[in-house]
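Step one of this worksheet: look at the structure below.
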């Protein structure tokens, strides 16, 4: 038993040392992996979740659209966030903050390097290439849906314009004028169950306008944004920009993890290492352009920002003291 305690004391002290260093990671001058990698994972999968939501809005049935409510969307966001923290929790026990070239950096431990090299391949597939492939397929489907919807709207506008011109023509004698007036009255005054028609503003049961208003109310409750086409276009543009900015860095990382080793033992040449540094800085642009994209294309987003700024200004102003009744 003493031997067991003695052998377990070394790993115990080692574990305490890692925990102690892990607690001071935020105070160091390095860039800990435990903070960077979950952020990259969340950027990819939050964007992928937005694509899923757009697919449910355009292609889903009414039962599946219930997943687009505000409460369930918050639950999905929190679930993805908790999963990312659990999935990258091993970096706390496999990385330490050590001085490297005079700078405190977060580096993997010597005994963890072989395991981390194999695990990095899994992360590269699950956090970059697989979401990009799924996102590309969903972007194609969403682009097709937006194009077909735009063509349908144009055809409806042309048909409504032509019908309006026909209705504005002077009525001629004979059966032709009566038929056209009957068609126009049938268009604006739907028949009831007994075959009679009512006025346009009169009461009716289960008319097309009531059914349409019910569908509109249901869509407002399910869809988080009333700007359906604009939200879809924003999602498509964000996905395309993300893939364009991330793909060069992902390809170099894949070459470093899956490619053959060079003479110096490092899989990338010095020129590729310089490119890798540049592409890693380009990837950071993903967190900058979205605010300007949302503000330029989504009217509700601009209103929300203006409302938030007005609320902050009102809160920053000191409250005026109200005179009490006794002083008056």
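Note: Cβ is positioned from N, Cα and C throughout, glycine not excepted.
Marked as transmembrane segment by TrEMBL: 76-93 (among others).
If one looks beyond the transmembrane segment (124-147) by at least 6 residues along the same chain, the residues whose Cβ comes under 8 Å of a Cβ in the stretch are 37, 40-41, 44-45, 47-48, 51-52, 54-55, 58-59, 229, 232-233, 235-236, 239-240, 242-243, 246-247, 250, 253-254, 257. According to TrEMBL, the feature transmembrane segment maps to 124-147 (among others).
According to TrEMBL, the region 'Disordered' annotation covers 155-222.
Summarising the annotation, TrEMBL assigns compositional bias 'Low complexity' to 158-169.
Summarising the annotation, TrEMBL assigns compositional bias 'Gly residues' to 171-180.
Annotation comment: TrEMBL describes 233-255 (among others) as transmembrane segment.
According to TrEMBL, the transmembrane segment annotation covers 275-293 (among others). Sequence-remote contacts of a segment are chain residues at least 6 beyond its ends whose Cβ falls under 8 Å from one of its Cβ atoms, and for the transmembrane segment (275-293) they are 40, 43, 234, 237-238, 241-242, 245-246, 248-249, 252-253, 256, 268.
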Can you work out which residues elsewhere in the same chain, 6+ from the ends of the transmembrane segment (233-255), have a Cβ less than 8 Å from its Cβ atoms?
43-44, 47, 50-51, 54, 124, 128-129, 132, 135-136, 138-139, 142-143, 146, 267-268, 272, 275-276, 279-280, 282-283, 285-286, 289-290, 293-294, 297-298
